[in-house]
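Trainee: Feature annotation from TrEMBL assigns domain 'Poly(A) RNA polymerase mitochondrial-like central palm' to 2-139. Per TrEMBL, the feature domain 'PAP-associated' maps to 190-229.
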Amino acid sequence: RLHEEIIAYSTYAQPTPEEVHICEKVFRYIENTVRATIPGSRVGVFGSVVTGLTIPVPDLDLAIVAERMATQRDIKRQLFRLRDNFQRGRLIDDAQVRFHAKVPIVKFTTRPEYGSISVDIGVNNTDGIHVAEMIKEYLAHMPELRPLALVMKGLLARSGFNDPAYGGLGSYAVVCMCISFLQINPPSESLGKVLTDMLYYYGVAFPYETSYISVTESQVLLKSSAAWCGTGDKLVIQCLKNPDKNIASSVGRTARLREIFKEAYAKLLEATIEDPVVLGTI
């Protein structure tokens, strides 16, 4: 039964033709505005729109690639110009400009007539574009990955733990956790069993203090073997593109993350035949 509900949720999460149309419309608007504001620039798409791992709340992850934004001063000035131009064009009401972040971004939600889409626009973040293509390869060879990743993303979103800017876990890291679990465990025909086992693994069994996730190596490795990992109980997930980078570094409260997974695992175990839906309990 849980297996069927996961399949149904995965189908439900597919964007409708109307959502695809509005996303394309917003992207074209942003692309034209960026090119007019920053001559010689181009805009790339990455993240869930490219991989197909969108949950029912639409979002767009974009990267501006521009040689004319080489310094922090250039980036700050151009991001504020973009914000002003988006406001002037009535695409948005307001936006946050985070120019001190590792990847400077302008972050906003479009107005309702533009779909209320959450948009992050980074600067010179070509890694994101490359990583999206790599994840598509894993999706092509792991049919269980998409439905499981969507459920995990939905769980973290409902728990308020899905925004890296506020100490949460981003989509890229969630997908890598799912890939890693599938790599180190035997395949199962039941998505319900895989989900339950994965929630137990990351909620109870995973050795956060001593180990890190390496999708590239298809293993969980010791932190002591990699100087870039640091120490403590922080979740460490090796980047697919830059092997000395932790893509889960945003997570400030590992204990809270474990608690979310552990509670979801317990709720699935407690679900009974009388419950109208099982997946809905988490």
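Backbone N, Cα and C define each Cβ position, glycine as well.
Unlike curated records, TrEMBL annotations are generated automatically.
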Trainee: What same-chain residues lie close to the domain 'PAP-associated' (190-229): Cβ under 8 Å, and 6 or more beyond its ends?
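Mentor: Distant contacts of the domain 'PAP-associated' (190-229): 1-3, 5-7, 138, 144, 147-148, 151-152, 176-184, 235-238, 240, 243-246, 254, 257-265, 268-269, 278.
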Trainee: Restricting to the domain 'PAP-associated' (190-229), what is the model's mean pLDDT?
Mentor: 95
Trainee: Using DSSP, tally how many residues of the domain 'PAP-associated' (190-229) sit in helix, strand and coil.
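Mentor: The domain 'PAP-associated' (190-229) comes out at 21 helix, 8 strand, 11 coil.
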Trainee: Would you mind splitting the domain 'Poly(A) RNA polymerase mitochondrial-like central palm' (2-139) into helix, strand and coil residue counts from DSSP?
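Mentor: Helix/strand/coil tally for the domain 'Poly(A) RNA polymerase mitochondrial-like central palm' (2-139): 70 helix, 28 strand, 40 coil.
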